[in-house]
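A.B. asks: Provided herewith is a single structure, encoded as structure tokens, for subsequent inquiry.
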């Protein structure tokens, strides 16, 4: 059966701010304590979604989470009214307040790992929510992520949304950001590649930054998603590039259908892995960027590989890049030479995602790829699918509710909490989500 890839982008939330919460993410650390613009972040995200929809790609939206997360603060011993909880946290533990106020759920490449029905034993689309165990501010996302995904993929005949793995380091799981799928056509059986940073059994690990994904987690996700072991591969990301700021594999590699676009140093034992992929994937097409042309540091600084690789009607592919890639002379020179070479990628499109990029999230971070056939796409909650009307509606919603300036000091303002709840309550009606947030229950 024919199928297509549908991109679901995370919408930046009302508390988008720069707190430097993500050790190992160099952009996050570099912009710590700068003043953010949540309204601009959301509008940039919506413009990205609208751009893809206008190009003919199926595009959906995943709503933000409620932040600050008052229940998380109560679990950590703060008490009283919501305003009192915020005041106590701001005075006693401002870093915790920042963590429970993070808008990091916008990077939905970390929301779940998705496997299409053609690869799953029961013929359903499987989505396993990521536990994001390595960072506290992200580990609290899983329950709301599961609720949102079940409100979008709500037909159990077609979809199976699995809860996150146990919240322990052994099963550290970062979702689709460490997962690639290869196939001749979207509707044909594929080969799934899970990328991990470390394994309990041993082997080398990064020395400076944490390896967020474990092999044990990847294997568990493959089991939950009911994958064929013969069509499932596991590969370790090179620990040296993790220490260089490649905290997820999607910062150093991106795939689409039979094509893998990656850096020469993305994987441990890379030549052997490429040979295995060539054996497993008919027509495997490797676009490997040499280290001598683009260093790992420049790849991280520009998010060259944290891009979206999209199939076109002419059989070629379009690469969606952040503005930072165009501003780097060496990276842009390599890209323009590649396109001029009449290879697989014949078009580049640059988007301004500055607000997200300053926190270390590029085009690929903001989207969750879901391969759907026609029946499955018809079963998706239609209210979340991007079109002219929804774009105008959501832009108006952002203009009404979002602040255009936010510092860490603002997180203690009870009015910000009220503004967020009012906005999300309205959004659940606009997107026909039901009562997915705790404050609504």
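Note that Cβ sites are derived from N, Cα and C of the backbone, with glycine treated the same way.
Quick paste of what Swiss-Prot says about this protein:
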type     : residues                           : note
ACT_SITE : 174                                : active site
ACT_SITE : 248                                : active site
ACT_SITE : 365                                : active site, nucleophile
BINDING  : 19-28, 110, 137-138, 212, 250, 359 : substrate binding site
A.B. asks: Can you tell me the three-state DSSP label for residue 138 (substrate binding site)?
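C.D. replies: DSSP call for residue 138 (substrate binding site): helix.
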A.B. asks: Should any of the recorded positions 21, 110, 248, 365 have a Cα within 10 Å of the Cα of residue 174 (active site), which are they?
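C.D. replies: Taking 21, 110, 248, 365 one by one, the ones whose Cα falls within 10 Å of residue 174 (active site) are 110, 248.
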A.B. asks: Given residue 365 (active site, nucleophile) and residue 138 (substrate binding site), what distance in Å do their CA atoms have, once rounded to a whole number?
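C.D. replies: Taking the Cα atoms only, residue 365 (active site, nucleophile) lies 14 Å from residue 138 (substrate binding site).
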A.B. asks: Whose Cβ, among the recorded positions 19, 365, has more other Cβ atoms within 10 Å than any of the rest?
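C.D. replies: Going through 19, 365 one by one, the largest Cβ count within 10 Å is at 365.
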A.B. asks: Going by Cα-Cα distance, which of the binding-site residues (19, 21, 110, 138) sits nearest to residue 248 (active site)?
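C.D. replies: Sorting the binding-site residues by distance from residue 248 (active site), the top entry is 110.
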A.B. asks: Among the recorded positions listed here, 138, 248, whose Cβ has the fewest other Cβ atoms inside 10 Å?
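C.D. replies: Comparing Cβ neighbour counts within 10 Å for the recorded positions 138, 248 gives 138.
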A.B. asks: May I ask which residues of the same chain, at least 6 positions away in sequence, place their Cβ under 8 angstroms from the Cβ of residue 110 (substrate binding site)?
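C.D. replies: Long-range Cβ contacts: 130, 132, 138, 174, 175, 176, 177, 248, 365.
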